[in-house]
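Visitor: Below you'll find the structure I mean.
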Amino acid sequence: MQQGEVMQMRTPLSCCGAGILQGGARHLWTRVFQAAWRMPGQYLVILQRDTHESQVQRSIRRLRARAARRGQPVELLQTFSGALRGFLVKMSREALQLAVKLPHVHYIEEDSSIFAQSAPWNLQRLLRPYDDGGMAEVYLMDGSVQSTHREVEGRVLITDFNHVPEEDGVRVHRQVSQCDSHGTHLAGVVSGSDSGVARGAAVNLVRVLNCQGKGTVSGALHLSNLQARPADALVVLLPFIGGFSRSLNTACRDLVSHGAVVIAAAGNHRDDACLYSPASEPEVITVGAVNSADQLMSQGAGGSNFGRCVDVFAPGDDIVSASSDCSTCFTSRSGTSQAAAHAAGTLMQTAGTQTLKGLTLWFVNTINLLPLPETQRLNTPNLVAKLTPPCHSLADQELLCRSVWSERSGRDRGDMAVSRCRQGEEMMSCSSVAPDGARAGEAITVNADYMECVAHNGPSGHGVYAVARCCVIGFLPSMNANYTSCQNCWPTGFPVASVHSFPGCTSHSTAELLSDSRSHPGHRRHCLAREIVTSQAVCCHASSLECHLVCRGLIPYLLLSGLFLQVELSCLPGWTLTDCKAVSEGSIVVEPVAKDNSCLVRGAAGENRTAGVAVCCRVTPQRDPETKAN
């Protein structure tokens, strides 16, 4: 089963949904789908978020008393009082039946294992070294680090946190160099004197992996203790993965909400990263690995994970860094752990001592994604992290956009999929993608302080994806601070004088959508749509942002699967794609997809009255604000 298996207590393992237990109570208990990673008999009992500390202790006493009356021992291992309220216990399946009936229980998750993910060309990408002892600190959640190695000596603090499981097997050869190997190499990648990306950065080790590179979800949950640290300059590096864990994802999301930047390895299983944690958490920056040719890292039968849950790729193959064999030794390792460390260092180079909240760095590159399944080929970002020179003038700023895909919706009529941007990013457009073409469109909704891209499944559809186009101006924590504030608006009745840019349109219909709403070519502050279609616009208050349309008709292509229509629209150098739509005058089924800086539109053969429409935007130099594109 994908992501986490949702188990029903007295039904087959393939059953999904809420388990209906004795007495009619509905509680979920979950476990990872990788059977070998499970820790049978060890459970995380997570209580409701507003549960008081005293109620946690009361729940523990109540569970122990009820289980004892039935001859079922319950061993308390840990309690949690941070982002997650609850406790970790060893108990039988019979005691589990009692635990789910406790008041305040939100869900129960079987504990599981997490694993390190380890694969000088990476430093050649950097245009300048960075050495500043005052930069942000990195909290590395790993095994041990040889703090006396010349690469990191004097910059590694071993924290007092130590929650790791015993090594597997009766005879475990625990050489110090083996215990330190993974953590030492990563510390060198981040801040090594010669091999480091952000030379001089302080590294704080939080030990959650044993000498075999193995830990537990329950141990990793203590990352919530980092909330007490100064969040304005806090980077948390998670170079491990486990099976999909609701608890671990929640802890990461809560840490981000307190201002930290959390960077995670995508995983080395050549699989969909959404099946693993913490890589699957949307608020985490998930990093895949590429080699020196900017192709996906390959390790025998494994390789870098991919898919919509990967945010960016970074160098992760044949990376030279500190070796724990001696204080002056170096070695080469590969993996998404190295890629995540590289991305963390790159992020810190650019940020320095500035706030890191919401900062995202992308560099558009060309990765060969053809070997991937079609859906993952479309939603895997073709982006490689890269450092560029610092820029201070508006003329040097670049508009950087990425496509954020949702999960696939259900197949029933009216089912929805939701995608949203990270804090600090602006949603400049919203699209819907249905593999079978049956979609009812999309709309942007506003919830609290953020916007959501909501896609609607068509009456005869088999599921739809919501795709948000999320943008920042290069190397600024937020466009809101200096440049723009984008919002959902209606073209008619909106105060046009206050709207400077118009980067995207949305469409929604009660029937299946055959043609998208798109920007008016003659009046750039209106969206055009067919009858019975509701159209909305995204309006940006940004005097420095200018946009223009690129339109082109679809061209027939003949493949082994048959004849179809396709067109790919690309923005000119210096311009960035903010919206991708398809326009049809007939009944043709079209599928627009924003892929990197191109708009790919596909349709079934049958009519030629179909076109792709892309919106391309750029930052205009302040010295010449009157230069606008038509």
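Each Cβ is built from the backbone N, Cα and C atoms, and glycine gets one as well.
Among the features that TrEMBL reports, active site, charge relay system is placed at D142, H182, S337. The annotation domain 'Inhibitor I9' is assigned in TrEMBL to 43-113. What TrEMBL lists as domain 'Peptidase S8/S53' is 141-347. Positions annotated as domain 'Proprotein convertase subtilisin/kexin type 9 C-terminal' by TrEMBL: 394-473, 541-619.
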Visitor: Roughly how many angstrom lie between the C-alpha atoms of D142 (active site, charge relay system) and H182 (active site, charge relay system)?
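Guide: Here the two Cα atoms lie 8 Å apart.
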Visitor: Measuring Cα to Cα, tell me the gap between S337 (active site, charge relay system) and H182 (active site, charge relay system) in whole angstrom.
Guide: 9
Visitor: So how many of the residues in the domain 'Inhibitor I9' (43-113) end up helix, strand or coil by DSSP?
Guide: 24 helix, 27 strand, 20 coil
Visitor: By DSSP, how many residues in the domain 'Proprotein convertase subtilisin/kexin type 9 C-terminal' (394-473) are helix, how many strand, and how many coil?
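Guide: Grouping H, G, I as helix and E, B as strand yields 3 helix, 46 strand, 31 coil.
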Visitor: If you average the pLDDT over the domain 'Peptidase S8/S53' (141-347), what number do you get?
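Guide: Mean pLDDT across the domain 'Peptidase S8/S53' (141-347) comes out at 85.
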Visitor: Please identify which of D142, H182, S337 has the densest Cβ environment, defined as other Cβ atoms within 10 Å, among these active-site residues.
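Guide: Checking each of D142, H182, S337, the winner is S337.
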